[in-house]
Amino acid sequence: MAMKLWNDDRPLTRRVVLGEREMATRGMSLRFATEQIDSMTDWCCFDDSRHLVFVHRAGRLRSMETDLDWGPSGQSLPDVGDMWVVPAGDKCASLVEGSTAEYCEIAIPSHVLGETTLVPRVKHHDPLIHQMVERLHDVADRDDALARLLTDSIGETLRLLITDNYTETPPRRTEYRANVLDSATRSRLIEFLEDSMDSEITLETLAQQAKMSVGNFIKAFRDAFHTTPYQFLLDRRIDRAKTLLLNTQRTVTEIGAMVGFSTPNHFATAFRHRVGVSPSSYRNLI
């Protein structure tokens, strides 16, 4: 039987770390690690008080299945320079396999980013942050005066890049909205999702509809709908696709595009994961 994603229902797999080095700069902790992953390996993270940023530095994975509280789940292989941004208090569980993987884990105490909320990201490519991480790696083993100066300067640049590009400022108290989605807001969100199903829908766009910060919106949405915004939208897209498969002559590719999937393969994979069969098989079975 194939191993499933960890859900606190089995022991975590053993991590085989071939090498690691750690450093600290500007209130952040960085861990550079090389890990052997030639068998199925759990990558799980959760930290109540620190934001976690993962930057993929090297290595090719054969498979990576991810389950997130706040974003797309499923297969998603990282490229060099891709980032996963996990806000404090959020969970991320992945099951990976390959040969070896090199990555940098950046742990950022919440207070380091000031009065801001970190916005989650999945497989987000950021060449500039990747470059800063590599420059820090180059001086991680040095303790001379120049290395300390470089570490401090690059670390501050990294902190500012994360603050500028991956955080948002909570609304002022006069604009503040309770962290609850009332009936009218829930209806407005559902209507917006139905009308925009064929478009790219971001967490920021949905949070604006509710007049909330992204962090508050994610929590309020889960409380109201008992699922994440992404999973809710995915369910709606699959339900719409099932209706179109049964009641129209549109091709599977056309239907995938109509309900917001970027590629036919993405549509087929998501549909099979949700329904248990491919879109074509579903159309022929009913």
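Using N, Cα and C of the backbone, Cβ positions are placed for all residues, glycine too.
The domain 'HTH araC/xylS-type' feature in TrEMBL is assigned to 187-285.
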For this session: Note the mean pLDDT of the domain 'HTH araC/xylS-type' (187-285), expressed as a whole number.
Result: 87
Problem set entry | Within the domain 'HTH araC/xylS-type' (187-285), residues counted as helix, strand or coil by DSSP | 74 helix, 0 strand, 25 coil
